[in-house]
């Protein structure tokens, strides 16, 4: 059997690529329509991704032994634990952009492309790029805390945004490249012909576009949302990649463990999102967790920079997340109030 430069036979690399790409294709094909994902569907797809990961672990066990399979499962579990915070940051991002439920799966799964690329880069170069981590975390801690404040102020207001002209992300980015300030279906980019057609509509008579010049392509608010999701993936990679590299220095083990965990976490996001319809106080718990995550990022980052000795360990973070979620669920059971579906119908 021919071995690759990463220490595994070509057959193993092919199995990993075929299994992961095939599973992504199945997932995307089954969710090709822009429809909100139900709790049952989200739960089943979460199980699907766990089964796919364990199938690869089984292959490693049969062909490379128990030790290699154990390293993969350890890395997989570690990535899951370290990326739990990312679930709540995703909620914050979607809340900030007021992305309709029907487009969220598309946004998250296009975000996978960035995750695949950036995690691959981090694994390839080891820890040299990770030295930037603390500075990225400080910036992201501020953004997460600010988003939590915005969610707290908005309360139960989940209305879609018709025009993003005053949105902070739009105002920050429009000076660099042209943006169409409204959602146009699930499109991420529009060409000049499509933009001209939109500008011809009476309701868009007062719309101004980015730099005010004609361009080959225009980004939409959905594209900006994908970019922020990508940024969150990169930011959390600064935490998880060194931890998993500490488990195994074998690139394929590290990369495959991260990828299967990330793919599964995205479906777990939809489980949490669907539960919000039934657990009316879960969103309050999410807001509390966002403040906690911001504090954790800030403490850990500044400890790396200034060595003040205060930080929050991954295990402590997991206990806090589980505890706050449990309180949110308990409060929803004891004080159910009105589910969102009833409030919208009344």
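Every residue gets a Cβ built from N, Cα and C, even glycine.
Checked against Swiss-Prot, the range among 42-62, 168-188 recorded as transmembrane segment is 42-62. The stretches the transmembrane segment (252-272) and the transmembrane segment (316-336) are not in mutual contact, being linked by fewer than three Cβ pairs under 8 Å (pairs 6 or more apart in sequence). Here the transmembrane segment (286-306) has long-range neighbours at 85, 88-89, 91-92, 133-135, 137-138, 140-142, 144-145, 147-148, 151-152, 239, 272, 312, 317, 320-321, 324-325, 328, meaning same-chain residues at least 6 beyond its ends whose C-beta is under 8 angstroms from one of its own. A Cβ distance under 8 Å defines the sequence-distant neighbours of the transmembrane segment (132-152), meaning residues of its chain 6+ beyond its ends; these are 89, 92-93, 95-96, 231-232, 234-235, 238-239, 283, 286-287, 290-291, 293-295, 297-298, 300-302, 304-305. If you count C-beta pairs under 8 angstroms between the transmembrane segment (227-247) and each of 6-26, 42-62, 81-101, 316-336, the highest count goes to 81-101. Under 8 Å from some Cβ of the transmembrane segment (316-336) lie the Cβ atoms of residues 81, 84-85, 88, 278-282, 284-286, 288-289, 292, 296, all in the same chain and six or more residues away from its ends.
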